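So that you can see what the record holds, here are the features copied from TrEMBL:
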| type | residues | note |
| --- | --- | --- |
| DOMAIN | 4-248 | domain 'KaiC' |
| BINDING | G31, G32, P33, G34, T35, G36, K37, S38 | ATP binding site |
| REGION | 268-288 | region 'Disordered' |
| COMPBIAS | 268-280 | compositional bias 'Basic and acidic residues' |
Amino acid sequence: MPIPRVRTYVPGLDEILYGGIPERSVVLISGGPGTGKSILGKQFLYNGLVRDEPGVFVALEEHPVAVRRSFRHFNWDITKFEKEGKFAIVDAFTAGIGSASQREKYVVKDVDNVHELVDVLRQAIKDTGAKRVTIDSVSTLYLTKPSIARSTVMLLKRVIAGLGTTALFISQVSVGERGFGGPGVEHAVDGIIRVDLDEIDGKLYRSIIVWKMRDTKISMVRHPMDITDEGVVIYWDKYLKLTATSASIQPLPKEEVDEMRKAIEETEKATKEVKAITRETEEEEEEG
Ligand SMILES: Nc1ncnc2c1ncn2[C@@H]1O[C@H](COP(=O)(O)OP(=O)(O)OP(=O)(O)O)[C@@H](O)[C@H]1O
């Protein structure tokens, strides 16, 4: 019996997850500065919006105005979805100060109060009917208080999974740090995807690796990644071999490529079936 999955539709990401993220998972997107975490989080939401899956973006690092600008930078037009009430930004950045922030519908006044954040987030999810959530970044919530990291993540996870949504939690780590966001957090989440930027011989290489994902097989190698005008692109059928002094891109064995391709086809088929059943049920309800 295939498990229900949420396709990210980020080129290459569903392949290395053998079909997508298991539904209702909380996934840590961990990485150093400039590695593409935020872009990935926004792309995940936009790809859902255009497929009729509402979403919520929790802004802890950027002003909501900057968040909208950065969606626009990739031509991901969220205005329409905001107007239709299918997309919301939770402003946990401005604390409601300033004229632009006073126009925001979902505002967290005291970011140190995680219960207030949870209440505002819950409301935004319910109002939009969100299926996808991105929190950028979750580490902001406990940067100065590591002792509350695990309880904060667990609280958010309960709300998110309880409301039937699937979430990406952006986690900031320092350049060269091997961890993903602290032991409490790393074990609390369902999945960890790490994005990296490595300097080898005076050149920067972008890459991505899935460290864990409960309930699914994962690719066990580091994949090359790019950021383009269309967002993040992952070369799922290649792997990046890094040593201290060299980097080389090599093809994955054919059997693995075929298996990933097959997993995508199966997920696609299962998604179509679920959609057809939902449509039939809706039609029956309308008729009845
Ligand atoms: N159109 C584009 N083409 C290529 N690269 C781009 C493009 N737009 C943005 N980038 C790159 O994306 C990087 C920023 O990505 P992003 O904001 O997702 O980083 P981040 O991992 O969230 O970083 P931080 O933790 O510092 O906020 C920038 O360094 C920039 O070079």
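Cβ from N, Cα, C; glycine included.
Just so you know, TrEMBL annotations never went through curation; they're auto-generated.
Between the candidate binding-site residues, G32, P33, G36, the densest Cβ environment within 10 Å is the one around G36. Other residues of the chain with a Cβ within 8 Å of the Cβ centroid of G31, G32, P33, G34, T35, G36, K37, S38, the ATP site, are Q172, V195, L197. Proximity of the binding-site residues (G32, K37, S38) to ligand 1: a Cβ under 6 Å from the molecule is found for K37, S38. In the three-state DSSP classification, G32 (ATP binding site) falls within coil. Counting other CB atoms no more than 10 Å from each candidate's CB, the binding-site residues G31, G34 peak at G31. Here the domain 'KaiC' (4-248) returns a mean pLDDT of 95 for the predicted model.
Residues of the region 'Disordered' (268-288) grouped by DSSP class, helix first, strand second and coil last, total 20 helix, 0 strand, 1 coil. Around K37 (ATP binding site), taking its Cβ as the centre, 28 other Cβ atoms fall within 10 Å, counting all chains. Over all protein chains present, the Cβ of T35 (ATP binding site) has 24 other Cβ atoms lying within 10 Å. Long-range C-beta contacts of S38 (ATP binding site), restricted to its own chain and to partners at least six residues apart, with a cutoff below 8 Å, comprise E61, E62, S70, D136, I170.
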